[in-house]
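Undergrad: Quick one: the structure is below, and I'll ask about it shortly.
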Amino acid sequence: MDNKEMKLKRRIVQARKAIQQKYNLLKANRFTRELEFVQTYKPLIEPLTNIQKKFETKRKIKSEKMVKGEEEVEKTPKRRSTPAARPVSPHIIPPLSPVLPQRKPFLDTTVIGELQPEEEEHLLSSSKDSSLLDEPGSAAFLEQYAPLPRIYVERMIRDTRNTIDTTYGIHYDIDTDKWTMGNTPVDIQGEDLIINGVRYKGTEGLYELIIMNEPDPHLITEQDEANYRQIVIATNAARRSYNPGEQLRGTRSRKYTQIIKPLLCPHLGWLKY
C-alpha cells in the first residue's frame with residue numbers, strides 16, 4: 001500500500017468520525033433545547049405550584065370549619081368524619097412540574113445509540129469540527145462517489161434542517177463502512193444501487209425517494225416509484241424492527257401517509273403528492 005493510498009484511507013476515517021461527531025452534536029443540541037424548555041417555563045410553573053398549595057390550604061381550613069359547624073348541629077361521629085375525609089378534587093389546577101420529565105422522547109429513539117462518556121471530548125470540539133466537510137479528509141470521502149450520489153451524500157452530511165429521512169431512508173454504518181437501508185446493506189456502484197444482488201438504476205427521483213423526507217415530485221418517474229417500492233419491500237425499511245412479519249411502522253409524516261403506505265397497500269391506490 002503506497003503512501004498516497006494510506007493518506008486517502010486516513011482521510012476517509014476522519015470523514016467518518018466527522019459524521020459521527022455531527023450526529024452527536026445534533027443530539028446534544030436537542031437535549032439542550034429540552035433543558036432550555038424547563039428553564040424557560042420554570043418561572044411560570046413554580047408560581048402555579050405555589051397557588052395550588054395555597055388553594056389546598058384554604059380548602060383544608062374551610063373543611064375544618066365545616067366539620068366544626070356540623071359538630072355543633074349533630075353530635076354523631078359519622079357526620080364529623082365525612083367532611084374531614086373529603087379529598088381535594090384532583091381536577092383543580094393539577095401540579096405541572098411532574099409532567100416535565102416526560103418531555104424527552106428523542107432520547108429513547110436514537111439510531112446510533114446513546115452518547116458514550118468517552119465521546120464527550122469530541123463534543124467539546126464539535127463546534128470547530130462542524131465544518132470538516134470543507135477539509136481534505138471529507139472531500140476525499142465524497143470523491144469516491146459518482147456525481148449524482150455525491151450530491152445526496154453531501155446533503156446527508158450537511159443537513160441541519162431535518163430534510164433527510166432517518167426513519168425509512170438509507171444511513172451510513174460507520175462500524176461496517178457500508179450504507180444500510182432497513183436491515184439490508186446497500187452498495188453504491190457508480191450512480192446505481194445494488195441491493196440483495198439486484199441493480200437499481202440510480203436517478204434523481206430514486207435518490208429523492210430513498211434519502212429525502214419530502215421527495216421532489218417533479219423529479220420522480222413511475223419507474224422510480226416501482227423501484228422504490230421493491231427496495232422498501234426488499235429491505236423491510238417500513239416494517240417494525242425491520243422484520244417482514246411485523247406490521248408497518250406507521251408515522252404521521254407526509255412521506256409515510258402519502259407515499260410509503262399507499263405503495264405497500266395497493267388497494268388504497270398511489271396518492272400523488
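Each Cβ is built from the backbone N, Cα and C atoms, and glycine gets one as well.
Keep in mind that TrEMBL annotations are predicted by a computer and have not been checked by a curator.
Heads up, here are the entries from TrEMBL:
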REGION    66-101  region 'Disordered'
COMPBIAS  66-76  compositional bias 'Basic and acidic residues'
DOMAIN    164-264  domain 'DUF8207'
Undergrad: Using DSSP, what is the helix/strand/coil residue split across the domain 'DUF8207' (164-264)?
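TA: Looking at the domain 'DUF8207' (164-264) with DSSP, the answer is 39 helix, 25 strand, 37 coil.
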Undergrad: Take every residue in the domain 'DUF8207' (164-264), average their pLDDT values, and give the whole-number result.
TA: 93
